[in-house]
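Read the structure below first, then the notes.
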């Protein structure tokens, strides 16, 4: 199969029949909300408010949600027509050709590798902070990644990624049940923060709501709000993890749109509420450099016990995110192996009809990144790779509509206001990508060069055999 040759819909559908269709709308809502409302809601709002937007950070969240919403609608339609493992990779391979599908999938693979490592490291840092008052302190060699503050391996990051892989290895239904339990706790903690935080809001902290723009620092005005969008967009990318597991959905024509759109709507409401309460409790400048603004704001307001409880539940939230990312990433690796673009072993199922090799490959790579190497400078790569995949998917809606009822099934859910909304989704994703810092775009370029080299040196050659 050449770069431009389109993949066969029937082959993909038949190849994925081995998956057990066990995931319900509730499972997808739990995975989606758990992945979206994870590390970001407890870390980003204060930093973006202090660095870019002031109280106007809520507009950054809403604008990011608007762009993500356009893309989510496209994902919902795609997943009802093609409920395949691999999500964007499989869809783009069918619509535009294998080579373009590989580029989209390679972009998402960067997201999963780095995001699993990123969340694992965040889990480690928060757990160490939570246990410090109890006198628990790891030796530096086991507390930090290699070369960071005397560290050799971040042992907690290693163990939590390993645990998430074991749970996913047991099956998607087990992961879904655990996610449902943990996501309820996390949403309850967020709501508790909102209710308590409202009682200590000082209206003066909202003035001016949109601070004047400072061209020297980039702070304030619409420019500051848009700079916040590029940083915050990372918070909304979790709905791709739902689509990546669509091969395991019960009645995907109904469960997929409900899971994707529902999880995003819940996330938007919670993000906006937390952000408004946070900047109302204390001056936005007080959150500068603060990686745990929610817990800090509660402590400073005299709610130390609730602060500890929220931090503990935040850890549960990060664990849900790990489950979602490992689930989705392993299915993407399976799809690459299924099609011969990566070693065929990744495309094999075990006796329980699970892509075990994909699960362990993802876990091992993420452990190496998160436990042994400092990776903070790669964080924006998560957004960069995902945004490129999002652009492919929104453009793919035009090809999908032309082929529905011909060589592809009719969608049971269709993106509204066609052809305007797909275009807005593409343009919005492009603008957010353009707003990323230069290093993120540079590193994403290097990642894609590596991917293209692998495709022509290995994947394309294997496909021809």
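For all residues, glycine too, the Cβ spot is worked out from N, Cα and C.
Summarising the annotation, Swiss-Prot assigns transmembrane segment to 28-48, 56-76, 88-110, 149-169, 181-201, 219-239, 259-279, 309-329, 359-379, 380-400, 416-436, 438-458 and lists sequence analysis as the type of evidence.
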Result, the transmembrane segment (149-169) in contact with the transmembrane segment (380-400) (3+ CB pairs under 8 Å): no
Criterion met for the transmembrane segment (149-169) and the transmembrane segment (309-329) (at least three Cβ pairs under 8 Å): yes
Distal contacts, the transmembrane segment (56-76) - CB-CB under 8 A, six or more residues away: 45, 48-49, 87, 209-211, 220, 224-226, 228-229, 231-233, 235-237, 239-240, 242-243, 256-257, 260-261, 264, 267-268, 271-272, 275-276, 279, 284, 390, 393-394, 396-397, 413, 415-416, 421-422, 424-425, 428-429, 431-432
Any contact, the transmembrane segment (219-239) to the transmembrane segment (181-201), with at least 3 Cβ pairs under 8 A: no
Feature contact check the transmembrane segment (181-201) with the transmembrane segment (259-279), CB under 8 Å, 3 or more pairs: yes
